[in-house]
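Colleague: Features from TrEMBL:
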type: DOMAIN; residues: 286-455; note: domain 'DNA primase large subunit C-terminal'
type: BINDING; residues: Cys296, Cys376, Cys392, Cys432; note: [4Fe-4S] cluster binding site
type: REGION; residues: 464-502; note: region 'Disordered'
type: COMPBIAS; residues: 472-501; note: compositional bias 'Polar residues'
type: REGION; residues: 534-562; note: region 'Disordered'
type: COMPBIAS; residues: 549-562; note: compositional bias 'Acidic residues'
Amino acid sequence: MINSRQNYLNAKRFSADLALEHIIPHNVCFYLIPPIVDLTIDEFEKLALERLKMLRLLEQVTAKNPKVSSEAWREAVLAEVNHEGLRTYAKLARGNLNDDASKAARRRDYLSHFILRFAYCRSEELRRWFVAREMELFRLKFGALSMRDVKDFLEVYELDYKPLSDEEKLDISEHLCASTYNHTRLKMETTDFYAVHFTEVLNLVRDRKCFLKAGVAYITPEHFAHVIGKKHQQLIEDGLKGHLRLLPTLEIDERFAMLLKSIHTSYTGKNYTVAKTGSVPVESLDQLSKKSFALCMRNVHDTLRATHHLKHVGRMQYTLFLKAIGVTMEDALRFWREELTRGKVPIEKFEKEYAYAIRHNYGKEGSRINYSPFSCMKVITTPIGPGETHGCPFKNLDSSTLKMKLTGYGLSAIDADEVAGYATKGHYQIACGKYFEVVHETKLEEGINHPNQYFELSQLTMEGKERPRQGPANQSARWNSQPNSQSTQDGGMVGDSSTLNGADDDLELWEIMESKEKETDADGTMLAVPVAESLSKKVSPKQTKAAQEWDDDDFDMLEFNE
């Protein structure tokens, strides 16, 4: 009976995958039809975080290279993709192949896109970020297509565009040469040109970068990608609206709701739960903070030294950071005891209340969870209340205050302006990376995603060592709130279970820290419901049914022919 049921489930999955293969016959695809497949919560999480890691990578590379050519940008992205071991997206960026590996990559790409739609449809800010990143991913994939691949794409989606024939190009060859920048006659003869209505490329018409005749604009493949991209963007924006309408139905399951809400702040980098280095004495913290602490941790450390007090979120953030760089629990207790008792905390109160919270952070009290230190996204998104100094200074400080702090830390006015410039544009992690480069007088080869990553890179830089390249073989993923880890099968992606499973938002710890001091919690939404027990849970029938209830308007193929 068990075997029969398993055979039925296998056949059902095969049928669903086969149907999915038919709706994504190309490496570049319009996400038109929501997939109807069974996924475990574990698969759901892994797909979501893999794509999220890719989208964040695109954001960082684009912010660092805003004015480079398309080819240079593409090379920079692919270098980071290969460095991070994101095999799914490396495969999709190599043109349109139809081997088994490409089909598997398409499946992961398609499913993960629809998963993230649910996570990013809930606010205008999230939608804007998601659409911008998805368009960068489209640009990466479409830019790898050969002329034959583009023709196949147009046929698959029945788009009424065709490259000019040789005779048509010959008739207007002089005009094409005159209107196309950096195209010799030989290159023009071997390049496909497309005829589109001038209203689709008003920017090219305005800048006189295309040949225009009788309301028809003749454009190169590079510009044609923008025409297709506009259609792709409109479909994503309409799809997000459809997902927003479905969201209340899916969020009936609280575990599913918490998972979706936590995806944007999930950490997708290396696991820093346990220090990989030797013990760091607390006597060295003052010296280490000047160069090896990210600005967020340096700010917290300096505040603690100056005022001998931090509110509960600041203490939690800093204690977990210290644990992960190698400060022992005994040293942490001694460090906090000396600092806080210099302020207004009596020794009896410290031993009775504060010491318990520190031991809890180290997993020695309460539910004994080995808590993860805060990632950059968590530091950035954690609310800041009155009198609190935790969080990301690049986000929380106004430009003039930030510049003053940076120059006070030894940066020149020019460097401080550049770092603050990134922060003003909302590129907080890139600002942190630039701060690292200035402080260490070196070029940073990877983006900053975690304060403990910053510390590790600083130590390696000062020792003259190169950080080991993270690939699929040596990266770890933590999908449960356990100390051990396992490697992911696809993409070498790493996920922080603290965000997804609610480990380091443990309700017990927060209540202890808040009730003992009677301090005001900055934001109750920090408390997450653990979902570790649901890793084997299938997406519910209600979710499958909801996936069928899309409005036809959201995926109207007639839009392509208008």
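These residue numbers are counts, starting from 1, taken along the chain as shown.
In case you wondered, yes, glycine gets a Cβ from its N, Cα and C as well.
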Colleague: So what pLDDT does the domain 'DNA primase large subunit C-terminal' (286-455) average out to?
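Modeller: Mean pLDDT for the domain 'DNA primase large subunit C-terminal' (286-455): 91.
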Colleague: Including all protein chains displayed, how many Cβ atoms other than that of Cys296 ([4Fe-4S] cluster binding site) lie within 10 Å of its Cβ?
Modeller: 27
Colleague: Counting Cβ neighbours within 10 Å across all chains shown, tell me which of the binding-site residues Cys376, Cys432 comes out on top.
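Modeller: Most Cβ neighbours within 10 Å: Cys432.
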Colleague: Which chain neighbours of the [4Fe-4S] cluster site, leaving out Cys296, Cys376, Cys392, Cys432, have a Cβ atom within 8 Å of the mean position of the site's Cβ atoms?
Modeller: Ala294, Leu295, Val379, Ile380, Pro393, Phe394, Lys395, Tyr428, Gln429, Ile448, Pro451
Colleague: Inside 10 Å of the Cβ of Cys392 ([4Fe-4S] cluster binding site), count up the other Cβ atoms and send me the figure.
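Modeller: Its Cβ shell of radius 10 Å holds 26 other Cβ atoms.
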